[in-house]
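Read through the structure below, which is laid out as structure tokens, and then see the notes.
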Amino acid sequence: MNRMQRFYTMLGWIAVLYMLLMFIYPVLKVVITSVWVNGQFTFDNYKTIFSTAIYRQVLVKTLWISIVSTFITLIIGYALANFIAKRPAKKQGFWLMIVIASMFMSLTVRLFGWMIVLGEKGPIIQLFRLLFGEKQELTLMFSSVAVIIGIVHFVLPFVVLNIYTTLKKIEPSLSEASIMLGASPMRTFWKVIFPLSLPGVYAGASLAFSLAASTFLVPTILGGPKDSLMSNLAYNSTITVGNMGLGSAISFVLLIIIVAVLMGLSALERRGHHASESR
Amino acid sequence: MAGSDISLKTSISLDSITKIYKGNTVIDHIDLDLQEGEFLSLLGPSGSGKTTILRMVAGLVTPDEGKVILRGEDISFTPPNKRNMGMVFQQYALFPHMTIQENVTYGLKARKLPKAEITERVQKYLELVDLKHLAGRRPRELSGGQQQRVSLARALAVEPVVLLFDEPLSNLDVRLKEQMLKEIRHLHRKLGFTAIYVTHDQNEALYLSDKIAVLNKGKIEQFSSPEEILKNPTSAFVADFFGYTNRIENVVLMDEQTAQIGDVKIPVGHLGIDAHPNDQGFLLLRLNAAQILDLQNQQTFMDEKEATAIRAEIRDSRYLGDETELRLHIRDGIEQEITVKLPQMLTPLPPEGMQIRFRFQAEAICFYKGDGRT
Amino acid sequence: MHFIKRKNKYTYWIFMFGIIASLMFVLSACGSSSESKEIVVTSFGGKYDEVFTKYVAKPFEEKNPGVKVKLAPYTGIAKLSQGGGSSIDIVQLDDFDIIDAANKGLLSPLEKKDFTSWDKLYEQAFLNSKDGKVFGLTNVFGAWGIAYNPEKTTKPTSWNDLWRTDVKGKVTMMSQWIPDILMTQKATNTTMENMNPVWEAYKKITPSIAQYYSSFSAPEALFKSNQVVMASWFDGRALALKKAGTPIDFVIPKEGGILIRSGMSVVKNSKNQDLAKKLIDFAMTPEAQQGFAKELYYGPTNSTVKLDGDVADDVVYGKDKISGLTTPDWNNIFTKREEWLLKWQEVTSR
């Protein structure tokens, strides 16, 4: 080992230390807070979560909203990534910038923007009224639909970047080979391009799901009374109610669920990666 | 060039096809005819347009002008997947997520052939390239040469009307390249497919082809058989490509067999286009243009003995495999250096400064009009 | 140095790292000790910070040369109880948070001898712990009632108007907010001992609610974009919005409103106890409180403050107005608070 290598190894260990301090320690603290109530070890907080109807309902709702938003984001994100990857090489940076640009703005501000777009005076409802008459009732704000729209908006850039990167790694000669073998562009996409882009899809899905399941801001701003998700319950329990133990327990249950889903996805990703490793 | 024998069955014709990229004409009104079963090479340096022509035949690039005609039918606007052609790519382009067998099956499934026929053909073509035992492997588990053979089997299995090769051997090392050349030639002999082969390597083209089209800046310089091209390169560009590496400037053509520079007369085997006696021009010589008469270490030989012999001094010498390459400095009325190659190993290696005599070999010398610097 | 030479590179790096880290620590320690007269006050952000700086911080600095008042971001009780108050001298919080913090032993008790304006304050201005000791002083009052858009709906008179059918889906109330629960308790004519009618009312009202908002500022955007036409809110914010040109009015419903109090307290571990009390005392002066009334429409807590005309009518001003509002008995409510809030969460999320 030369000096340079030793230096980088050293840096690596510092990073590991940082990771332990900044991630493992807080998680441990959360776990301990959730089971150590008034100087006693107890699973009461977890019992409350799994025995009270409302927590189960919100848990299911959180999963449901996260899965739906992840799917919608994957579809839109794939279409966008594919579109960008097919632009002339020089223009791709520009298109990517457009997709990513929204991330430079605070999410709160962007969600207020959506509030206007989806609101009474917003273009969508105006157009709807124009098409179906003034009498027709349509509300978008303060609903699960608004929350899903918000989440999709929030996680889309991450998904687009992931899928775009894998699409760019696919040799253009592969789709030419497929076409030359008599396959239609459609067949080429489903048999060649899509299977080879799966690692990006899984990576994008992992990010999308974890961001969606842990979002706090989107339901707070765009959601109605019934759209509270697990993070909101955790926040309310900790900050408003002041019950740290319950808040920690909710956070930890959410963390476990996200980790479980991510492990499932990464197993799929590894399989996909194995298959697409070229040459 | 388009005036080939029309009694043969024409497979592919290019009729004045043209491609313009951003105002640059990269393919300039090219005509080509290819008969059934013929092996055509498109030979040229990078940027000569050879790959663009191939891609226009494939349908991956649409011509801006002109037509691509396949067996009498205008296919200029037929999508590539409907042309029933096969293509072998430089980077193999095997589908990494499929096994070898699945790769070969791919084109057959796209054609919705009956299952039994698919199985039969996959067996046949994998056997043909001797890869049946690797059918279950994935491409990355195979060597480059094996991958290119899979690619060949995959393209052949669809039994295409034309097989297109896009510099298929340029990623392989010399030994594998030799093997693959043999294999392609063998398969062509055996199966009799029509082929268009893009390459920048004249040896590949000479070895494989029935016809060679030499391309330069989007135009065809010469389109003829390998023998004809070797013997009679119609332009300096073609000659340069085929090993005419020595150049003698400021030559005057005396008659159709002799050129003169100073007092020296040089026999000429071939004339470029439009070359006539009394034209000013230059000579291109192959490495075998000199026949060495003696290798004596003295200056005692007499001019009368060999009227056409030229005296020269050896400037440098080296072995190239089992051949010998000499750099000669001609000092016989003119001052000129040429490089020649002798087909045997001279032992001992002639030392620098040694005086020799040689005779020019007309069949390895071409005269071209002008200064060749257009 | 003998040590460095003998050991390997790792030890060297760790050693260097240690030296740099300790140097930085020493330097930063020097930096803070030279500014011992700095006093750190948490605040609520936005316009409140501006007004506080203009009427409290700056004049206080002028009167006490060498003292610097530094505003810090809002620090809630959760953060304080986790040790987040180590660099803070004064916290500004809602009344219930101050009382809660006092009960948790996070604050210093306040005594009459340290405050010149002690006797001039209304009795509602004192924030007492459960054993009756004063731990915080209220510097501004507000009233909790109903804000509405007079262009879009008729004036509400009762708390029950929040679930009128003509405003369905256009109402916002605050999330997990005891004053709202207390108001609903009044509207349903029940007591702390029997909360069921309150929860039934919440179940009934929830379909009418566009959103349960979680910060005082949230209704501003909702009113401006016409997403809501009625809200449970407090007077100061609503009046500020009205003066800025948004069509909005504020009413105390016939059931009566709730007194909203924002107070100041000295953090127990503060090293500047005396100076901190002096600053709180300063915030109780008529000059300071007039500023809050004029610019933020917050009512004064010092009975000697004189307000004129419009402002006097708009804000919570004077003994009668103050005692007309209900002051929640927080120490009593705390015994039920967690139960209520979790129950609230349950009935409104269904």
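Here the Cβ of each residue, glycine as well, is placed from N, Cα and C on the backbone.
Here is what TrEMBL says about this protein:
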type	residues	note
TRANSMEM	A:7-28	transmembrane segment
DOMAIN	A:59-267	domain 'ABC transmembrane type-1'
TRANSMEM	A:63-81	transmembrane segment
TRANSMEM	A:93-118	transmembrane segment
TRANSMEM	A:138-164	transmembrane segment
TRANSMEM	A:201-224	transmembrane segment
TRANSMEM	A:244-268	transmembrane segment
Leading contact stretch, A:63-81, A:138-164, A:201-224, A:244-268 vs the transmembrane segment (A:93-118) - CB distance under 8 Å
A:138-164
Hey, which bits of the same chain come close to the transmembrane segment (A:63-81), Cβ under 8 Å, at least six residues off its ends?
99, 144, 147-148, 151-152, 155-156, 159-161, 163-164, 167, 197, 200-201, 204-205, 208-209, 212-213, 227, 229, 257
Taking a Cβ cut-off under 8 Å, which residues six or more beyond the ends of the transmembrane segment (A:201-224) line up next to it in the same chain?
62-63, 65-67, 69-70, 73-74, 77-78, 107-108, 111-112, 114-115, 118, 141-144, 146-147, 149-151, 154-155, 158-163, 166, 230-232, 235, 254, 257-258, 261-262, 265-266, 268-269, 272
Go through the chain and flag residues at least 6 beyond the ends of the transmembrane segment (A:138-164) whose CB is under 8 A from any CB in it; none is fine as an answer.
61, 65-66, 68-70, 72-74, 76-78, 80-82, 84-85, 96, 99-100, 102-103, 107, 110-111, 114-115, 118-120, 122, 124-125, 128-129, 197, 200-201, 203-205, 207-208, 211-212, 215, 218-219, 221-227, 229
